[in-house]
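The structure appears right after this line, and notes come after that.
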């Protein structure tokens, strides 16, 4: 059972946990990407895979710790490298730039510190990810091939799943060790569980979900201390492989938003957020959501549950602003989107939203990673142009999807907009090709 301080208990008790749809007074994606600048149905370019790009030339970083690319935050040289990488994405035409914090969790930084106040140094090291991303030079942005300065660039707080702090990683399987999961797993927790206290959260019938809620809440509580917090634009909960973890992120966001609203005497910016899922191939070559509790279900059946997990109006959970699909096979994304659109159109929770949700689409570059050997294979052999064309076709088809809105006489677009980019093995050249393809099809104003 999660435990915390009396302060944490007080914060949880002060949160309004009444069920609701998204509060119209709170910022959403349309506030970040207004139609006056982005058009009525925006398509926004995201960056690509951070860790794999850092491993490739010209960065050529040797990354193999539990922190993955976040280990570079521990040195000034590493932070300079990360700042150069962020600038590289902008030069390639990306507008949404993810922070180097996907694996970040405070105890993972503790072994890399040496001062007497190890916890404070570890905390500052972790928070430096936000400084790296917000320090990207405007002068660099002005050199972008697609004139991204006309629309700006938007820092995104990247938060991976609990599986990202397991060894071997569990982003694609979701087999979490106790107390965050209960099924048999080859994974271990990659940090000293005695090194940190998780905050208290309201107790439910599901202790695993409670602990996942506390895990995500702890990271939010840590990152909000960064001076650069108010310069962030979105929060991304990425590569979520377990449906109860999606609910846990929403619970964590409601507790967190209640805290930063001023309950503790401070006020910080509320950030829109999305939840993104991974869809690997199963043993029979079918693309499926990996949650072990959903084995045997069709993709359509799985997607109905995932849409409800993201957008369902439930007590004690913040309503997400967007639905993401990341680090999945680019040649199979169309299947996932077909099931997603069916589920979205059938959802009463989606129909009653006053602000249409966004789609966030960033498949991998087509390579396959082995978590045990830490090696990549490339069975698809896609060129960056082929990859970009596949992705843009899916963006285009998603924007064409219509939904019968509750109380409306006609159909209207299902999505408020699309953010498109890449994940593992999709590097700067892939993002550059994506920008060109979007511009060629007149889906962006970056031409």
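Backbone N, Cα and C define each Cβ position, glycine as well.
Since this is a predicted model, take the numbers as computed values, not measurements.
According to TrEMBL, the protein has these features:
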| type | residues | note |
| --- | --- | --- |
| DOMAIN | 32-438 | domain 'Hcy-binding' |
| BINDING | 327, 423, 424 | Zn(2+) binding site |
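Positions of TrEMBL features highlighted on the structure.
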residue	record	Cβ neighbours (10 Å)
327	Zn(2+) binding site	24
423	Zn(2+) binding site	26
424	Zn(2+) binding site	23
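Highlighted in sequence order, 49, 52, 239, 278, 326, 328, 362, 363, 364, 365, 422, 425, 426 have their Cβ within 8 Å of the centre of the Cβ atoms of 327, 423, 424, the residues recorded for Zn(2+), and are not part of that set. Mean pLDDT for the domain 'Hcy-binding' (32-438) in the predicted structure: 89. In three-state terms derived from DSSP, residue 327 (Zn(2+) binding site) belongs to neither a helical nor a strand segment and is classed as coil.
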